[in-house]
């Protein structure tokens with residue numbers, strides 16, 4: 001149940017109920033009772049009119065509190081920096097990633113229909129939560145920040161997207177959408193009946209003499225109420241008639257009011273009017289046809305059961321009765337009704353039926369309803385006894401054999417993720433790879449490749465079962481990639497190859513050379529739409545090779561400029577994958593970098609200026625460049641900082657944090673370089689203004705006050721606490737009077753964050769990796785950089801003592817007024833805290 005807190009809607013609902021109550025009052029007191037008195041007709045009219053009023057109120061409440069089809073919000077916030085990417089991919093037919101869903105199977109290509117959690121069963125909700133990809137017709141709503149299905153529109157009053165939204169009706173204080181349109185039409189029907197009934201009673205009352213209207217005052221009051229109720233009912237009749245006509249036209253034309261305004265007729269499904277009415281009202285409008293269909297389904301159904309006694313449940317007499325009933329005109333009429341109402345076939349469907357009359361056979365049904373047959377079929381036994389022997393035979397290249405083989409492979413791909421033995425699966429991999437051989441038809445080989453992809457993408461995948469087939473599988477995929485001519489087929493093979501590399505990891509390290517050669521040829525000679533999966537394969541190979549990636553660095557550096565420097569919006573996906581490849585390459589190549597890899601940094605500042613959504617990735621790449629400590633890279637970093645200053649005012653906080661992390665790496669790596677005086681300070685000054693939102697004139701006071709007042713409120717690690725404490729101590733050397741006034745609070749805050757033993761984990765522990773094989777060259781460089789970090793090399797109590805002595809000696813030399821300050825009290829408190837470390841001032 002939902003309810004909208006809309007003041008205008010609430011007022012309209014109250015006015016509607018007030019009008020209904022007034023009509024009921026006038027009918028009972030001034031129309032029925034004076035005319036019919038206490039007769040039977042009086043009770044009948046009052047009862048009939050109040051039944052209509054009761055149905056009206058119930059349908060109104062149902063419409064008002066029913067979910068019209070609200071699209072559920074994403075569990076994670078939509079990243080609107082990717083909105084351009086999403087729209088571009090939709091136009092190109094790519095699939096769009098949604099943080100609410102999670103699955104990578106071939107069902108990604110199915111445009112499943114969205115449903116709200118309130119109006120779906122448990123299985124439907126699980127289906128909604130399992131899918132991560134939606135079809136090209138899905139869009140992103142920029143107002144409620146949700147991924148919405150086709151024909152869903154945003155309601156500015158409800159502030160949510162509604163499926164098949166027709167309009168927002170203030171009289172029901174709710175939207176009229178896919179799930180409550182039936183109740184809205186019922187409400188209109190009962191309003192119309194009540195209005196017509198009331199007008200008829202007014203006419204009868206005017207034509208019949210009133211025995212109780214002898215008093216002039218009563219007669220005038222009755223006339224006034226009659227006029228008022230006539231005007232009210234007439235207006236409601238006209239309103240209901242117009243809205244009903246509009247709603248029925250929207251149903252039979254399958255086009256909502258919003259779509260009529262937006263000219264969105266492309267979404268029409270061209271179904272029969274009967275089917276469209278059934279979709280709205282949800283009931284069977286033709287009971288005999290439904291009964292006939294049930295009988296037909298019962299006769300043609302194939303029941304599977306492990307119990308042999310089930311075969312004797314249908315008696316011979318029942319079968320004979322069915323045979324005698326379905327003869328001649330009855331069968332012909334039944335078939336015509338089924339074809340006209342349930343099997344709406346167009347000319348294309350009929351041509352397919354003539355060419356492949358067995359397309360919707362038993363094998364197709366076995367794959368389509370695999371989930372429903374989970375408890376009924378032992379697929380392992382079916383595969384071992386029937387499918388595996390057939391797949392192991394050599395093909396005679398006949399049409400019948402190829403079609404049957406292709407369908408069996410498709411069924412295996414479906415069932416492997418539904419119900420198949422977890423381990424071992426070597427017999428499955430052997431059968432699928434055998435059908436990917438050169439002796440088979442190209443369609444059979446692609447079907448085997450698709451089934452193989454589903455097998456290795458299964459949750460129960462075990463590397464041990466596939467290890468004997470690694471060389472064979474990679475060789476077959478490369479051969480299949482060579483002979484495929486269609487872009488879709490090549491994309492399928494590339495995705496299978498990418499998934500195989502990701503699953504096996506370092507196991508395929510010895511086989512990457514032929515993969516690189518073939519994918520590189522495909523890059524330069526293939527279709528542009530194949531470049532994205534090619535870049536993904538390059539990225540996966542670099543992650544496997546680690547430091548050995550230097551061997552392929554030169555070839556990849558020839559590819560990367562064409563992806564990073566692209567100015568076309570259509571290549572936005574290519575740019576994302578290119579940046580990811582560049583980042584992985586830099587993180588895994590040992591320093592010093594080759595010249596062609598270093599030169600790629602010249603392209604990054606221009607990319608930031610044109611597309612700010614790449615800022616976070618570019619900052620991470622620049623940070624990886626900085627850890628190599630190459631002096632010739634400083635010119636590129638200066639350009640990078642200049643571009644950041646230009647766009648920083650218009651980006652979100654996450655982008656600013658990414659830039660700050662990069663700048664921190666720069667200071668740690670190049671802090672020892674003899675820069676000109678004030679070089680680094682010139683960059684720090686605007687950064688401080690961004691972080692603290694302060695002007696240059698008062699930035700010192702604001703920074704120190706903010707640190708003292710707010711640092712203890714947060715939860716920080718030991719490293720962060722010591723870093724902040726070391727950063728605040730240099731302030732004591734600034735000859736400013738506000739430092740003297742804030743000094744006691746500074747000391748109190750410092751000793752709150754100092755650990756009892758001044759201990760901190762070592763840099764090796766700070767960058768601890770459970771899987772040592774996953775450590776990249778960049779991780780090693782970061783670990784070496786941390787070993788030079790003052791947080792690990794200095795003692796905080798010693799630094800406190802040193803800074804305090806310098807601070808006191810300076811201010812005591814400034815005159816007698818500073819000798820009368822709080823030195824003795826502060827020193828006593830500091831010594832008490834330093835005693836934990838066996839130190840004293």
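Every residue, even glycine, has its Cβ placed from backbone N, Cα and C.
Looking at 145-165, 166-186, 187-207, the stretch flagged in TrEMBL as transmembrane segment turns out to be 187-207.
Taken residue by residue, the domain 'Importin-7/11-like TPR repeats' (535-656) breaks down under DSSP into 105 helix, 0 strand, 17 coil. Assigned with DSSP, the residues of the domain 'Palmitoyltransferase DHHC' (139-262) fall into helix, strand and coil as follows: 70 helix, 20 strand, 34 coil. Mean pLDDT for the domain 'Importin-7/11-like TPR repeats' (535-656) in the predicted structure: 80.
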